[in-house]
Amino acid sequence: MVKLIHTLADHDDDVNCCAFSSSLLATCSLDKTIRLYSLSDFSELPHSPLKSHTYAVHCCCFSASGHILASCSTDGTTVLWDTQNGQTLAVLEQPSGSPVRVCRFSPDSTCLVSGAADGTVVLWNAQSYKLHRCASVKDGSLVACAFSPNGNFFVTGSSCGDLTVWDDKMRCLHSEKAHDLGITCCDFSSQPVSGGEQGLQFFRLASCGQDCQIKIWVISFTHTLARIAEDQPKQFTEDWSEDDVSNWLCAQGLKDLVGIFKMNNIDGRELLNLTKESLADDLKIESLGLRSKVLRKIEELRTKMKTLSSEIPDEFICPITRELMKDPVIASDGYSYEKEAMENWISKKKRTSPMTNLVLPSVVLIPNRTLKMAIDRWLETHQK
């Protein structure tokens, strides 16, 4: 049975979106406003409507607690509101200035995603209100977004029909054409799918589009998937994890030292800094012969590192860090940089180019996949 219990008619133009919290209903409209209603009697709150946007408001969503409401607009901003008093908490400006079509909180509300008409997608820190990561899709406007129930990844949908899976570092894990005429919405089931391999979680995702179809997807997730770039073989010792160091010790016939190294949290950087004093005093390796063998093997690694570093082509070196790039991006000055280094540069409000010192036309960073492939090929060649 379906029964209409109330009709709200306070907006002056098309209503684009509505969202529930545990006690409120929020609506947003082409009339540039957001309205808040109490669920007890559907009366409008005293501080409603909320006015800050200068153009149409496309989407709104509540944080998990319901105390914060996010709204995004054609004016290129995403505004965070205090739902208890209607005060503006923050105005988040899309780096490109493009109209923002969709916004979504992560399940724990620590992050907020905003997607724009030019394909840029921004991951914001919803507690500090700072830009955390920025990326973009190849074609179309971003019109849909959904976080997985565990918050480890999220999905965006574009007007060109592409469905893209991102991790919390804004790395593209998967992208494919889902709907021929564009995606209109997508959402995850709140419950993971049972079964499957141990340590692997499966989530159902539904997507719908202008091709008159609704598609149900199963997305699997492991920490390996989320950190796929980090799990590739590491050529540079300083990038080794503690497990990489353990594997290296075993390969050198030093398996008996694995426990000692793990107990002291020795990763690649720490390994390269070990001395005969630290091996004896800190790691308590009593055998002089064993200490000498470890030092010889470490010296071999240092020599290899120096040789490899001297051979790195200049175009593979980040102008900021002067190190081999792992995740190269193209900035609006036309130069390529290590993604994290350039993001840190921009976050410190340096709007000038590290190379030319001229003002950057935009702070949007585009993945340089061609350069990334060239670096990977070079690494493969020099690993042999």
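Cβ coordinates are placed from backbone N, Cα and C, and glycine is handled just like the others.
Owing to the predicted nature of the structure, the values given are computational and were not obtained by experimental measurement.
Feature annotation from TrEMBL assigns domain 'SAM' to 240-304.
Annotated domain 'U-box' per TrEMBL: 311-384, in sequence order. In the predicted model, the domain 'U-box' (311-384) has a mean pLDDT of 83.
The repeat 'WD' annotation in TrEMBL covers 8-47 (among others). Distant neighbours of the repeat 'WD' (8-47): 53-62, 66, 69, 71, 73, 81, 83, 85-86; these residues of the same chain sit at least 6 beyond its ends, with a Cβ under 8 Å from one of its Cβ atoms.
In terms of DSSP helix, strand and coil, the repeat 'WD' (50-91) has 0 helix, 24 strand, 18 coil. For 50-91 (among others), the entry in TrEMBL reads repeat 'WD'.
Residues or ranges marked as repeat 'WD' in TrEMBL: 93-128 (among others). Remote same-chain residues near the repeat 'WD' (93-128) are listed as 55, 58-65, 68, 70-78, 80, 134-147, 149-151, 154, 156, 158, 166, 168, 170, 362-364 (criterion: CB distance under 8 Å, separation of at least six residues from the stretch ends).
According to DSSP, the repeat 'WD' (135-167) comprises 0 helix, 20 strand, 13 coil. What TrEMBL lists as repeat 'WD' is 135-167 (among others).
In the domain 'U-box' (311-384), the DSSP tally of helix, strand and coil residues is 27 helix, 12 strand, 35 coil. Away from its own ends, the repeat 'WD' (50-91) comes close to residues 13, 16-24, 26-36, 97-105, 107-109, 112, 114, 116, 124, 126, 129 of its chain (Cβ-Cβ under 8 Å, at least six residues beyond either end).
Beyond the ends of the repeat 'WD' (135-167), by six or more residues, the same chain brings 101-108, 111, 113, 115-121, 123, 173-192, 201, 203, 205, 207, 209, 211, 217, 219, 221, 225-227, 364-367 to within a C-beta distance below 8 angstroms of the stretch.
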